[in-house]
Amino acid sequence: PHPSYFSPGVEDFQENHKREKHYGKRRNGDRQQNKRENQRRKRSSKSVSEPETSEDGDDEEEVNNDGEVRPELLSPEELEKLKEAVDEKKKLIQSLRGKPWPMKQKLVTLRESQLFVEKYEGALGKGKGRKLYAYKVMMTKKWMKFQRDFENFKTACIPWEMKIKEIESHFGSSVASYFIFLRWMYSINMILFGLTFGLVMVPEALMGRPYGSIPRKTVPRAEEAGAMDFAVLWDFGGYAQYSVLFYGYYNNQRAIGWFKFRMPLSYFLVGVGTVAYSYMVVIRTMARNANESGIGDDNSFNFSWKMFTSWDYLIGNPETADNKFASITTSFKEAILEEQESRKDDNIHLTRFLRVLANFLVLCCLAGSGYLIYFVVRRSQKFALDGLENHSWWERNEVNMVMSLLGMFCPMLFDVISTLENYHPRVALQWQLGRIFALFLGNLYTFIIALMDAINLKRKEEKVVKYNITMWEASLYNGTGSENSTAPPITIHPADVPRGPCWETMVGQEFVRLIISDTMTTYITLLIGDFLRAVLVRFLNHCWCWDLEAGFPSYSEFDVSGNVLGLIFNQGMIWMGAFYAPCLPALNLLRLHVSMYLQCWAVMCCNVPQERVFKASGSNNFYMAMLLVILFLSTLPAIYTIVTIPPSFDCGPFSGKNRMFDVIQETLESDFPAWFSKVFSYASNPGLVLPFILLMV
């Protein structure tokens, strides 16, 4: 049907308007003719060409006047018809997208409707009694413009939104999903940093005892000479070790400052609260993504899904669009071949053998990486007993460098092994993600097991040191008392007081070193593997034997899976070690901030769009699911150490207690009524807590 069918009052109004204009011209014909004669008399002294031009201009003016709508000549019924026609055209413009018309007809109808609205909507505001309608129209337009401007302002206020949109237009939503995930992780770490910095580090720095007042806040005399050396500070020893950055610096005083701030209680609650907040945010984000995602199975109606949902409408770069077009074409060919090959059983035994062989090689790599990490951690413990200052830089940082190198080269080896399996690229990507996940998780838990051995050694050493300190104090007291009982007590500088090994600070230092080495390895790999490779390909291509851009080495592609998994496991180390090193959220916040700018620059300058552009519609919840698993597995070691291992006797806010969670019971007994303590003890009974947790799960 023609568009005029949907606006029946428009043609009647136009015919009536033409007849009214005709009668109006006849009534005013004599007046207009006299006006033209007077104008010709005034210009009679000019040349012939000028009057001709003037007559032409008068004719044009007459035509323009004929095309205008004069509201004073319209009756109230015609005005109402005109308003209805304008409203119908507006409704047609809004619903035009859903009309089952060809695109050419839609464009013509849209253009005609817009011209009609612009022409007659302004005329309705002329004349008395119609100013209110014109005011409403004007305010509606201004309100719509304000809404658009406000939405643009909100978009501009979102951090890095324009950078991510630019990357999305060049590389598609699959690459942009990584940067969106990185920005989300940045916001989470901002909250964690605010909690630890505002409720733990700042109160201790402002209201706690100053540096040098007690032994736990003083560098030992034997370490003062090299406490400010760069190598020592780079390993977070010296003055960095005896600062608010680590667990051992905090005092076990129950209330500090004039504000009577409960530091041990705040330290424990912040550690528990950060984990609880992380669980809440991750689960809530997963639920929101599940509600926003569409319902559908990619395995059923395969060709229909490919036909109607394959294109990524956020692509704005021609090269990426060509790659996406080729990817869709290839996916159709692969789907057809899969349907054909699914009925064949050729070489099925060879395929199974190669896949078993590939999995066996992957298991060997995982076992070898785990054993290597365990070996270097045990070796580093021997170096620590001998004194780290007697060893080289590599021997001091061997654990961190080995873990970073394994995380960098093992995924490449897995990619080479996956060529034996002959999987579909989508299935191969899932296997690759699973293997990298197992690699990182195995390395992390091997590192934790080795740290547990180190903690046990520190606890044995602590018993010996505690006995020696007791004997030293007794000998010091007996020596001063035997000579002169009225002599003033001997004052000993805190730097000279013997102290025990603080295993909590040791654990925090290991995690901080691991984060720093992993960050440096990532940035160096980015500069060498992407930037220098792109420079060589760009400037040596014209003088090389083959095409470097099309062949080897070519420009690198952005590895979405490897970067996402690296980001997730880096966050897992933050959750695991933040209780013993409150500075970890701040370091991770700085890392994420630098990574956003550096990786945005690298992906735009050094990388090329992927040959197979995957849509990111199902990636968000996949990332969140892996993050939730890592969050659960990362909190288990921290919970184990808090619940089962006694704290050190002379460092940290929980020194002198049997367990770290005893601070809760102490607060309930001192600051709350007795009945509240009993209610809390009954409510925290494992017989009630475990069924509640199972019910929630």
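The chain as shown is numbered from 1 upward.
Using N, Cα and C of the backbone, Cβ positions are placed for all residues, glycine too.
Taken from TrEMBL, the feature region 'Disordered' covers 1-78. Summarising the annotation, TrEMBL assigns compositional bias 'Basic and acidic residues' to 27-37. Annotated compositional bias 'Acidic residues' per TrEMBL: 52-65, in sequence order. Residues or ranges marked as transmembrane segment in TrEMBL: 184-207, 264-283, 356-377, 398-417, 437-457, 622-643. The domain 'TMC' feature in TrEMBL is assigned to 502-617.
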Recorded stretch, among 184-207, 264-283, 356-377, 437-457, 622-643, maximising Cβ pairs under 8 Å relative to the transmembrane segment (398-417): 356-377
Per-state residue totals over the domain 'TMC' (502-617) - DSSP helix, strand, coil: 81 helix, 4 strand, 31 coil
Across the domain 'TMC' (502-617), average pLDDT on the 0 to 100 scale: 84
